[in-house]
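> Before I ask anything, here is the structure I am working with.
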Amino acid sequence: MGVKAALPRYELYLYNVVLCMAMLWAARWIADISSSNSNKKTFKTSVQPGWYYSGRKMDTADVEWMMWFSTFRVHIIFALSGHVIFAKICSLLAPQYRSLVFMVYGMLAVFSSMGWAYVMLILSHCVLLYSISLVKLRWLCFVAGLTTLATFKMEPFISWQACFVTGNFDLRPLLFYGGCGFTVMRCMSFALENCERKDGNYSILELLKYNFYLPFFYFGPIMTFDKFYIQANNPDLTRKDGEMWNISIQALLHLGVIMIVAVLFHFMYILTIPGDMKLLKHISDWALVGLAYVNLVYDWVKAAVMFGVINTVSRLDHLDPPKPPKCITMLYVFSEAHFDRGINEFLCKYVYNYLGGKHDNVLDELIASLCTFGITALWLGPSWVVFIWSFLNCFGLNFELWTAKLFSMEPFISIEMAISDSMSRRIRAVFNTFNFWTIVLYNVLVLNSLEFAKLVANRLLLKGFPFTTITVMFVTYCLIQLIKEKERRQALIDDPDPIPITIPIPIPPPAPVPAPTSTDPSTTQMDAAATQPVDPNKQKAE
């Protein structure tokens with residue numbers, strides 16, 4: 001109930017006004033702190049000279065963003081442009097060999113950037129996991145894959161394998177761990193799909209084509225082997241009407257977002273401020289809460305842009321990559337809290353759904369989520385922060401199931417049936433409000449630091465109680481209701497025969513739905529919150 005329940009227009013207008021005022025107020029506080037002359041010592045290390053004509057310095061605390069769109073942008077553009085050109089030529093002349101051209105160009109690009117020893121290291125892992133896949137035992141493929149992944153997360157195996165890479169440049173560690181980590185995950189996907197194949201085995205050439213596809217090689221996202229195999233070997237390269245137009249619009253949109261973020265970094269030092277605990281203790285509750293929220297929104301924007309650039313290239317290759325991450329603002333249930341849909345689909349397909357079944361049994365759900373977050377912790381790099389984050393998110397996911405089962409029993413179900421749909425929606429939004437900030441605090445923990453997460457929780461729930469707590473929760477309640485309104489309109493479009501509603505609200509066309517700091521260089525910051533297990537077939541609990 002409550003999914004398609006409409007609220008009065010004046011109520012929705014009130015929610016919009018409250019939300020806009022609160023966000024502008026918090027933004028003003030953050031901007032004032034960024035412009036204060038008394039904080040120059042705090043900003044000295046990570047705030048560097050920016051655009052000359054802006055007259056301001058720029059926040060450069062996010063090394064990954066600066067690497068992509070400043071330091072090495074020319075190299076990245078050159079490599080991806082070369083891939084697009086060669087792929088297009090092959091698609092015109094010999095489309096049946098295009099997947100082979102993807103592999104050859106990818107291997108040459110990896111060789112030119114990291115050296116022949118690194119290529120041989122990657123090939124050795126591919127051959128090892130391919131050999132194990134021939135046995136066709138799922139548990140053995142999992143054990144071998146996770147053991148191989150662990151060698152890139154623990155000493156002395158990390159240092160020993162890192163010696164295979166020669167040269168010294170700033171991008172080297174990120175490329176090394178990123179390429180190795182994603183290679184292992186792709187090899188696991190290949191091995192598990194080979195176990196499911198009843199007639200014969202896939203060739204090792206198919207594995208190499210899959211692994212050395214350059215746009216996905218270093219930074220992901222992970223596209224499961226079954227999807228890649230079908231799409232990369234599809235001889236029909238005709239496009240749908242308007243597809244190239246959509247690809248062009250998305251590319252321009254990503255470029256616009258990159259420019260907006262660059263401007264933002266000149267006026268709001270949202271990444272540098274959380275690193276100074278002395279400064280944070282003197283700012284207002286609103287500024288602190290807004291800072292935590294903006295950090296999560298920025299991390300989603302970064303994931304959306306980085307994956308979006310790569311996905312744009314792969315769409316030019318006639319592939320259908322994982323969809324963009326869901327905006328953090330739209331996440332108020334743990335069952336949808338993810339940034340990277342590629343890793344999410346991998347975990348759901350091979351672990352979460354495989355062990356959890358229909359997700360209606362509490363014990364099966366607990367086992368499935370524990371295994372999922374166990375693999376997540378290994379992927380991110382074992383540390384206390386990652387362990388705490390994994391435990392809290394695992395608990396939140398299971399607590400949602402327990403709560404949903406409890407409220408589906410008497411007398412709660414009778415009470416909900418007795419009240420109106422709109423009132424049911426309001427009551428659910430109250431519970432979702434607390435859920436929303438639980439998700440925020442859990443992910444701030446791994447995106448920033450344990451100290452920052454503790455400070456935000458203390459100011460929001462203890463020191464700021466009751467004024468800050470009630471005010472922030474009311475603003476969040478307004479946000480949740482606006483999210484539910486968007487979902488309601490989308491549901492009316494998807495279902496031509498909705499539940500009758502009494503308040504007419506115009507239904508606009510559906511808007512396109514546009515993903516933390518990693519503890520190990522093998523994963524990027526966007527991977528930390530990306531690994532939430534989400535079952536796309538599982539009904540979302542409001």
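Backbone N, Cα and C define each Cβ position, glycine as well.
What TrEMBL lists as transmembrane segment is 12-31, 65-87, 99-121, 127-152, 173-192, 212-230, 251-271, 283-301, 362-380, 429-448, 460-480. Per TrEMBL, the feature region 'Disordered' maps to 504-542. Under the heading compositional bias 'Pro residues', TrEMBL lists 504-515.
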> Could you check if the transmembrane segment (65-87) is in contact with the transmembrane segment (212-230), meaning 3+ Cβ pairs under 8 Å among residue pairs at least 6 apart in sequence?
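Since 3 or more Cβ pairs under 8 Å link them, the transmembrane segment (65-87) and the transmembrane segment (212-230) do come into contact.
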> When only pairs 6 or more apart in sequence are counted, do the transmembrane segment (127-152) and the transmembrane segment (283-301) reach 3 or more Cβ pairs under 8 Å?
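No, these stretches are not in contact.
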> Count the Cβ pairs between the transmembrane segment (99-121) and the transmembrane segment (12-31) that lie under 8 angstroms and are 6 or more residues apart in sequence, then report whether there are at least 3.
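Per Cβ check, the transmembrane segment (99-121) does not touch the transmembrane segment (12-31).
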> Could you give the residue numbers and ranges of same-chain residues that sit at least 6 residues beyond the transmembrane segment (460-480) on either side and whose C-beta is under 8 angstroms from one of its C-beta atoms?
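Tertiary neighbours of the transmembrane segment (460-480) are 14-16, 18-19, 22, 285-286, 288-289, 329, 332, 429-430, 432-434, 436-437.
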> So which residues does the transmembrane segment (251-271) touch in its own chain, when a touch means Cβ under 8 Å and the partner is 6 or more beyond its ends?
27, 30-31, 33-35, 43, 46-47, 50-51, 54, 56-62, 65, 69, 291, 294-295, 298, 301-302, 304-305, 308-309, 312
> Tell me if the transmembrane segment (12-31) touches the transmembrane segment (173-192). I count contact as 3 or more CB pairs below 8 A, with pairs 6 or more residues apart.
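With fewer than 3 qualifying Cβ pairs, these stretches do not touch.
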